[in-house]
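Below is one structure, written out as structure tokens, with a few remarks after it.
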Amino acid sequence: MLTRKHLLTFAFFLLQIIYAIAQEAEEGHVHSAEEESGGHAHDSPDSAEECVATEEEYNMGLRIGSIFIILAGSFIGIFVPILMHRISPYSQGSPRHWILSIGKFFGTGVILAVAFIHMIPEASEKFESPCIQTGLWDTYEGFVGIFALLAVFFVQLLELSILTHLENKFKRNATTTRPVPDAELAVGGSEKGESVTTATEQPHHHHHSVSASSFEDSRLFKNVGIIILELGIVIHSIIIGITLGTTGEDGFTVLFIAMVFHQFFEAIALGTRINDMNLKSWVKPALMAIAFCLTTPVGIAIGMGIHASLNPWSQSNVLAQAVLDSLSAGILLYNSFISLICVEVNQNCNFRQASFPYKATCLLSMYIGAALMALLGKWA
């Protein structure tokens, strides 16, 4: 299926980046034995002479503990909204509906702030680092925007190709009719803003034609966007995991505490969006949740494995992180504005016609989510 092929391509790309970092680790180890630097390993160097590895204290037990703490926080953040949504039916306007709606909009603000406050500034800082200010990278100041734009265009083409494939498939299926109970047509869609045809709106027949451009099409569009959204979050989570795993003692505690909240908020954001996929089985939501939960711990483990020989300010390492941060920012920005804010707010008839307290609460939750992640940007 097209989705799997493109995801495998992205996975291969990530493995190539990790392999490049691992190769550079050995080279950085050689340089560290020959040169010394007085700066902190994870503070931006002021000159190219400082782009060398330095010896630092390293508490391995604390890093191992951080893996399980972040893993637990991610599990709680992502599985609580999933369980609340799936454990039993609930009606629109119920307390559970309000809680999940608040969590969903809070998560939208979190995702936006991650892109604007965390990824773009970090990528800009790395592209401006003296460690890579040679050759091509010293001739242009807009590489963050270039790679973010490439990610936006890639995601748009990816969505277009997948949706075109699915639309053609449903059009072929729509040439024949299938039995659809009237009750099935009368149920669903009211909470998500989709248009649903009820049994009372057309003459009664034992068979109804299924249109490729109505409910199922809009649901598939949303599902594709959520999968790509998780892809962008996963890339970012691996990067920050490697960063945490290679950070020295001086900056580890503050970064670790900020990272726990960072991953918890992102987990809430992704968990509420997985609910919108309306998958009948528990298997796919659980697998998506587990995949997210494991990414940062895996990144920490990679960082722990290469910290002794890794030069965090080597050219290939800095460049790899800058490119991946820029690509992740483009993916998250595209999904935030197109799939989240535009579809859920501006183009959602039910939201536009909802009560003022409901709309105000949801939008305020989005602003609070963005504000909290912006605050965390001071430390992580």
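Keep in mind that glycine also has a Cβ here, set from the backbone N, Cα and C atoms.
Among the features that TrEMBL reports, signal peptide is placed at 1-22.
Taken from TrEMBL, the feature compositional bias 'Basic and acidic residues' covers 30-45.
Per TrEMBL, region 'Disordered' is recorded for 30-50 (among others).
If you look up TrEMBL, you'll see 64-85 (among others) marked as transmembrane segment.
Positions annotated as transmembrane segment by TrEMBL: 97-120 (among others).
The transmembrane segment annotation in TrEMBL covers 140-163 (among others). Long-range neighbours of the transmembrane segment (140-163) within the same chain, counting only residues 6 or more positions beyond its ends whose Cβ lies under 8 Å from a Cβ of the stretch, are 2-3, 6, 120, 123-124, 127-128, 220-221, 224-225, 228, 232, 322-323, 325-331, 333-335.
Positions annotated as region 'Disordered' by TrEMBL: 181-211 (among others).
The transmembrane segment annotation in TrEMBL covers 224-246 (among others).
The transmembrane segment feature in TrEMBL is assigned to 252-274 (among others).
The transmembrane segment annotation in TrEMBL covers 286-306 (among others).
Summarising the annotation, TrEMBL assigns transmembrane segment to 326-346 (among others). Long-range neighbours of the transmembrane segment (326-346) within the same chain, counting only residues 6 or more positions beyond its ends whose Cβ lies under 8 Å from a Cβ of the stretch, are 104-105, 108, 111-112, 114-116, 119-120, 123, 143-152, 155-156, 193, 222, 225-226, 228-229, 231-233, 235-236, 239, 273, 352, 363.
Annotation source TrEMBL lists transmembrane segment at 358-377 (among others). Taking Cβ pairs closer than 8 Å, the transmembrane segment (358-377) reaches residues 98, 101-110, 112-114, 117-118, 121, 258, 261-262, 265, 269, 345, 351 in its own chain, all 6 or more past its ends.
Most Cβ pairs under 8 Å to the transmembrane segment (286-306), among the stretches 64-85, 97-120, 224-246, belong to 224-246.
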